[in-house]
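Features as listed in Swiss-Prot:
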{"type": "ACT_SITE", "residues": "E102", "note": "active site, proton acceptor"}
{"type": "ACT_SITE", "residues": "C347", "note": "active site, S-methylcysteine intermediate"}
{"type": "BINDING", "residues": "C122, C126, C129", "note": "[4Fe-4S] cluster binding site"}
{"type": "BINDING", "residues": "G169, E170, S199, S228, L229, H230, N304", "note": "S-adenosyl-L-methionine binding site"}
{"type": "DISULFID", "residues": "C115-C347", "note": "disulfide bond"}
{"type": "DOMAIN", "residues": "108-344", "note": "domain 'Radical SAM core'"}
Amino acid sequence: MARSGLEPQTVTDATPLLGRSLPELQDWVVAQGQPSYRAKQLYQWLYERSIHNLAEISVFPKAWRQSLQAVPVGRSQIVDRSVSPSGTIKYLLRLHDGEIIEAVGIPSGDRLTVCVSSQLGCAMACDFCATGKGGFRRHLAPHEIIDQVLTVQEDWQQRVSNIVFMGMGEPLLNLDAVLAAIRCLNQDIGIGQRGITVSTVGIPGHIRRLAETKRVGDRPLQFTLAVSLHAPNQAIRDRLIPSSRHYPITDLLQECRDYVQITGRRVTFEYILLAGLNDQPEQAEQLAQLLRGFQSHVNLIPYNPIDEVEYQRPSKARVDAFADALRQQRVAVTVRWSKGLGADAACGQLRANRSTATLPA
């Protein structure tokens, strides 16, 4: 039968819709020959109802819905969940190309934090970290980052309050995608920038570039920068973070000072405590000297074991003594005991392997 010319043609568009702003969706909708008000409907179904397929949008005309089935939204598939005794859930998510990434949902009272990945694998090869043992495969696109938050929010049936870019990958090596994702998470999904933390081992020039960005979308940059320091001196840092051998710790700290001056935001320093390596009293003194006069905060993270390396977690007494030594030097410090140990979802343990502790999908 000959077509009348009135039936909608099947729409194909390889670029997922997730991550697009309302004006961008308006342009897309009008290009499909639809009235611009459909964009607001699409926007609401993408970001408030977390749809996986455009055919789910019941307010669209049936014929047009059917023509849109091939248009990718940009959602992943949960292939596995593993749960720690604290209630933290690690998710293995299958992407459109079959690759697997990890995201973690971390409950705390009435709040829900999502730890997101920014890359598939990681090129930094930090000696204590499981992710780096598998090498780097590719960057994640903005929609693949945004999807992790929507997936956890949908699974928990609870609004996400905080996001930490501390999953797989080095966020500042994928900065454009990370900033695009943060713009959407903040302005389209409604998660405050002050509830978002971006972590980095420190890439030469990238912290300054981040500071000079100044804005995310049409809003001032207000998220927290967390720098994975992990050592009080260059020798220990070179051992733990091979990439730091070409980036002196003094240069890193100067770039962090510039960041504070430009943005007015303090820097958080992450410091994983490893028994017998960087947890001694004299090393607490060295760390305090490094950070003297710095607008910063230190998160001490007792090491979370992985199979591939021999590092050990210090005793609680040693952790407390290290923290007290910093406080005596007027360094703001918090001890972060990880909640995801039972699910291999703690800091340094993410590697996109299936866990034996799972819930049904």
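Note that Cβ sites are derived from N, Cα and C of the backbone, with glycine treated the same way.
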Practice task
Please report how many Å separate the Cα atom of the residue listed as 'active site, proton acceptor' from that of C115 (disulfide bond), as a whole number.
Solution key: 9
Problem - N304 (S-adenosyl-L-methionine binding site) to C129 ([4Fe-4S] cluster binding site) - Cα separation in whole Å - result: 9
Practice task
Consider each pair of residues in G169, E170, S199, S228, L229, H230, N304, all listed by the record as binding S-adenosyl-L-methionine, and report the largest Cα separation in Å as a whole number.
Solution key: 19
Handout entry: Confidence summary (mean pLDDT) of the domain 'Radical SAM core' (108-344)
Key = 93
Handout entry: From binding-site residues C129, S199, S228, L229, the one whose Cα lies nearest C115 (disulfide bond)
Key = S199
Handout entry: binding-site residues: C122, L229 - member with fewest neighbouring CB atoms within 10 Å
Key = C122
Completion exercise
If you rank the recorded positions C115, C126, C129 by how many other Cβ atoms lie within 10 Å of their Cβ, the lowest count goes to C126
Exercise for the section: By CA-CA distance, flag whichever of C122, C126, C129 among the binding-site residues is nearest to L229 (S-adenosyl-L-methionine binding site). Expected result: C126
Fill in the blank from the handout: Closest by Cα to G169 (S-adenosyl-L-methionine binding site), out of the binding-site residues C122, C126, C129, is C122
Practice task
Report, as a single number, how many Cβ atoms besides its own are within 10 Å of the Cβ of S228 (S-adenosyl-L-methionine binding site).
Solution key: 27
Completion exercise
Same-chain residues at least 6 apart in sequence with Cβ under 8 Å of the Cβ of S199 (S-adenosyl-L-methionine binding site), in sequence order, are V164, F165, M166, P171, A226, V227, S228, E270
Handout entry: Those recorded positions listed as E102, G169, E170, H230, N304, and which of them has the most Cβ atoms within 10 Å of its own Cβ
Key = G169
Handout entry: Whole-number Å value for how far E170 (S-adenosyl-L-methionine binding site) lies from C129 ([4Fe-4S] cluster binding site) (Cα to Cα)
Key = 12
